[in-house]
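A short worksheet on the structure shown next.
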């Protein structure tokens, strides 16, 4: 796919420089459109024909589509590069977790509630699961409809996937929940029937084949009814699961970017079969975690898992958080003074940088240990401690500047700063610039609570 330029977009704009879109000029707006920082609809002066042409020009090679409606809506796809540094990856892959219609009703309700309530806070962001996938194992439309009903009742904002190969069972599920659930899997045997159901219900349809090449005829047939498709090239299980599956996903992404129309759709990966392929549930969860984490790195647009074990899900969600961070945006927090707990005039004063990960690690470790302290965050341009020391951003003047701006001297009765262990080289510079006594802290923020207690800093006397 040829790289789109701002001039390509500018030629379709009204060139009025009216500012109605929030940009001073149409060229600025064109640049934002190319960088996906604005939408064509933001320009009120575009006529219908120009808007349609612009939307077509800006459409990414991997189609962007939604699953669910309202609070249950998630967006998948929308990517246009092989490597994140070329632009960015968009729309983190939602993680669905399965329930089954052969489970007892209270088991379905309990697991759905676990899925709904699961959350972990990491570096200031809450990581959650995104959907519940209801799988038919009985082939009984009534039992399946009841399972869907329970899953929907016990979830508040989870997207829903309906998983069955039987069109009659799928129809029973749709009778209970029709708010744009994902229908899966459409195979060679049932693609026409499921595609019709998807078209009638305005639902996205997941296509399943055993290999990449076998997806093409499925796509061609499904496109006669709907264009909201997801592609499952056949998740592999066993010794070579990671390599084989990620190779397939990479092949589809590369073909999509090269504008092979049949592969211009989001990809779908299912790891939940490991729950039935492994006798040991711990081993099954571990295999799921390995495979799902690898597929997040290699172009999976949606994951359907079985496990709700936090230790198995956390690597997947952490991987997703890291990979789908926009590399074009500096990862930094606002410099200044932060209160940790309920500090007073005798509480210790610690210094760190405004790199997001550094700040949240330090603040999180202090908060989890119930430490009351003041945290001075200096402006290093979003760089970590060791990098900013080496690059000259972590200096005595930088610390002095934030001390003066925050009036910390009026808030504490002592003059003792604790700097990171990796900033030991600037101890003298900080003391000379600020006039404060400087103590060299720990290399790792997890050791700070013990260090503060050992050094007697939890209650500093003047």
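Placed from the backbone N, Cα and C atoms, the Cβ positions cover glycine too.
Model, not experiment: these values are computed from the prediction.
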Going by Swiss-Prot, 18, 21, 26 bind [4Fe-4S] cluster; tell me which of 43, 203 is listed for that site too.
43
From the centroid of the CB atoms of 18, 21, 26, 43, the recorded [4Fe-4S] cluster site, which same-chain residues not already listed sit within 8 A by their CB, in sequence order?
13, 14, 16, 17, 19, 20, 23, 29, 42, 44, 45
Once the chains shown are all counted, how many other Cβ atoms turn up within 10 Å of the Cβ of residue 21 ([4Fe-4S] cluster binding site)?
22
Within the domain '4Fe-4S' (1-60), count helix residues (DSSP H, G, I), strand residues (E, B) and coil residues, in that order.
28 helix, 0 strand, 32 coil
With a 10 Å radius around each C-beta, find which of these binding-site residues (18, 43) has the fewest other C-beta atoms nearby.
18
